[in-house]
Amino acid sequence: MTAHQNGTISSEISDFLLNCFARSPSWKFWLSLPLSLLFLLAMGANSVLLITIRLEASLHEPLYYLLSLLSLLDIIVCLTVIPKVLAVFWFDLKSISFYACFLQMYIMNCFLSMESCTFMVMAYDRYVAICHPLRYPSIITDQFVAKAAVFILARNGILTVPIPILSSRLHYCRTNVIENCLCANMSVSRLSCDDVTINRLYQFVVGWTLLGSDLILIFVSYTFILRAVLRLKAEGAVTKALSTCGSHFILILFFSTILLVFVLTLVVKKKVSPDVPVLLNILHHVIFSALNPIVYGVRTQEIKQGIQRLLKKVW
């Protein structure tokens, strides 16, 4: 590859340059410390949660297995995205290889939809626990969790594969400078000389099909849960039932809200700085990962007790 100083290239490229917050360079300085702290918090909290669920026999239940899967997804996403962003911030290491860029693109798209699908399965778990409590042990079994995990991995792993493949097959001949901190599909494909209509259409259809169907099923599950809870007449039953779903609902709400804000900023991009969607995309990958284990750890008594017992053993 021959690259000129202005970013234009004369032949096929072998790497990209991540031009992070070019319009707002001061953001790098102000973001670097909180981003690194959030990254350490996300990695530490999710690791503690995984170890606690692994070592505590009382937590060897379907809901906690699903929570382990969610934590594992959070760790992989954080490791895929944040270290590279911090390397750009701190050391100006903007270069990312052609294949590393498309691998990052695949993991971001695939694991985002996997997290959404995991929430959907967890919503079904809570629906059965509250609406059909007597049948819960026979429906939500270890075999159910294993099948659900295979479904989550297969559905999202397969359907998101074409996203990086379609982008990698484009002819890049203009510039290798990505106006983003991440290898987002649209940020990369717009550098191509080819028509990217199929890329945009596939990203749109798959994104809304996967995330949209999950959110609809989650909404339906919680509608049935709320209706069942309001029918409970035993003293304290409503509070107990809602507390079992509280952590889950908070995280789903946050997950959905930040995605909605991100989409809205893309829709009205002419009225906001192009750096805002980039910032929201980065924060979504780390804030949610840090929030997930903390919310469950604080609000779920069994996990809180398990962490306390684990800390006692360590010290």
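Any Cβ shown, glycine's included, is placed from N, Cα and C.
Annotation comment: TrEMBL describes 45-296 as domain 'G-protein coupled receptors family 1 profile'.
Look at TrEMBL and you will find 29-51 (among others) tagged as transmembrane segment.
The transmembrane segment annotation in TrEMBL covers 63-90 (among others).
Per TrEMBL, transmembrane segment is recorded for 96-123 (among others). Residues 13-18, 63, 66-67, 69-70, 73-74, 76-77, 80-81, 84, 148, 151-153, 155-157, 159-161, 163-164, 167-168, 178, 182-185, 188, 203, 207, 210-211, 214-215, 217-218, 221-222, 248, 251-252, 255, 285, 288 of the same chain lie 6 or more positions beyond the ends of the transmembrane segment (96-123) yet place their CB under 8 Å from a CB of it.
Summarising the annotation, TrEMBL assigns transmembrane segment to 144-166 (among others).
The transmembrane segment annotation in TrEMBL covers 205-230 (among others).
According to TrEMBL, the transmembrane segment annotation covers 242-266 (among others).
Through the fold, the transmembrane segment (278-298) approaches residues 20-21, 27, 31, 35, 38-39, 41-42, 45-46, 48-49, 67, 70-71, 74-75, 77-78, 81-82, 85, 108, 115, 180-182, 184, 247, 250-251, 254-255, 258-259, 261-262, 265, 304, 307 of its own chain, all at least 6 residues removed from its boundaries and within a Cβ separation under 8 Å. Sequence annotations record features per position, and here TrEMBL assigns transmembrane segment to 278-298 (among others).
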Query - Chain residues in Cβ proximity to the transmembrane segment (29-51) (below 8 Å; excluding those fewer than six residues from its ends, i.e. six or more beyond) - result: 67-68, 71-72, 74-75, 78-79, 82-83, 85-86, 89-90, 279, 282, 286-287, 289-290, 292-294, 296-297, 303, 307, 310
